[in-house]
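Asker: The domain 'Acyltransferase 3' feature in TrEMBL is assigned to 3-291. According to TrEMBL, the feature transmembrane segment maps to 49-66, 86-105, 125-143, 150-169, 181-200, 212-231, 237-254.
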Amino acid sequence: MITYINILRVLAGIFVVLLHVSGDGFDLDLETYNKGSMNWWVTNAYNSITRWTVPIFVMMGGALAIRPKNQRMTNYILKRSKRVLVPLLFWALIYLGYRIGFNGLSIDRAFYQFFISGKPFYHLWYFYMLLGLTILTPVLSLIREKYGEWFVGLVGLVLLILFLTVPASHDVFPLVRVESVPAYLVWFMPYLGYYCLGSYFANMKNRIKPMLIVLLLLILWTVTIIGVYYADRIFHSYLAWNTAGISILIFVLFKQMNFASGISKISTKLAPLTLGVYLMHPLLLELLKGHRYNNRLDKPHIGNSNDHTLLLVDLSIIHAIILKTQTAVTGGCIAKLSRLV
């Protein structure tokens, strides 16, 4: 796999943990009306610099999947859907079991969460969204071969601009907000733009000056942090214009960079574990709540979030390595567990 993709996967895996660690403290401050406090600004800053993770994951998916070889619809969909459905089914059962056992969730409500709402746990929505992108990949691959990469990029840009208007208008037109549609079968639609643009920028030949990219990133992050104070969570949306700009700039920046062989080797070993980190860290986060490593930033101390993020990443990686082991002996039978992460 391409080096910059591996590095982005590792970084996105770490930052998505930071997103969820800081998110709890941020939500707590909103609930207790501490907006504007030092704690609020710290958690807001952490939350704001992590919002590129999901768009980057989608862009990386498009960069790797939208290719001429993936035009055979039936073969690709069956193969790829299996890689999405197996971990989704397994981890949905794990999280629903946890919620039934520890949170008092009823069986019928668990059934609803899995089959109707598409949210067995807050992070698993991504896999429901991914199924839609998977189904459309052969069509997008055919479009790329027939009309060229520029056309895929144009489609991505138009779709992204179209859906970027949705979060900004939710106060005026709440019914057009795609995120509020209960049918998880359409969750992929707002992210098609990111998916197509991932393919386009992965093959883009032109270069942008790194210093210009860094400057724009700093500006957009500042706008995000301050914007949340005045416009609440609109600037934190994955479909906000500032988040889109940050995500695209990070993707382009890393694609243009040259990495040392040591970094390349490390990222190659860690990248396959990022899915396991994504799947497992919310459960570890739940289990750690109320103990010494409470994830909520009760004090405006920057180190708290760093410590908890590193702890969760370490624990998730350890568990991912265990499950990534190719075989496990179960009653004399060889059971492959690697598909689960």
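Including glycine, each Cβ sits where the backbone N, Cα and C put it.
Nobody curates TrEMBL annotations by hand; they come from automatic prediction.
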Asker: Mind pulling out the one from 49-66, 86-105, 237-254 with the most Cβ pairs under 8 angstroms to the transmembrane segment (181-200)?
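Answerer: When the Cβ pairs under 8 Å are tallied, 49-66 comes out ahead.
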Asker: Between the transmembrane segment (125-143) and the stretches 49-66, 86-105, 237-254, work out which stretch tops the count of Cβ pairs under 8 Å.
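Answerer: If we count Cβ pairs closer than 8 Å to the transmembrane segment (125-143), 49-66 scores highest.
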Asker: Excluding the flanking five residues on each side, which residues at least 6 beyond the ends of the transmembrane segment (237-254) place their CB within less than 8 Å of a CB in that stretch?
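Answerer: Answer is 4, 7-8, 51-52, 54-56, 59-60, 160, 163-164, 166-168, 178-179, 190-191, 193-194, 197-198, 201, 204, 208, 210, 213-214, 216-217, 220-221, 223-224, 227.
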Asker: Taking residues 6+ outside the transmembrane segment (86-105), which of them lie with a CB under 8 Å of any CB in it?
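Answerer: Here the qualifying positions are 113-114, 120-121, 124, 127-128, 275, 279, 282-283, 286, 339-341.
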Asker: In this predicted model, what is the average pLDDT of the domain 'Acyltransferase 3' (3-291)?
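Answerer: Within the domain 'Acyltransferase 3' (3-291), the model's average pLDDT equals 85.
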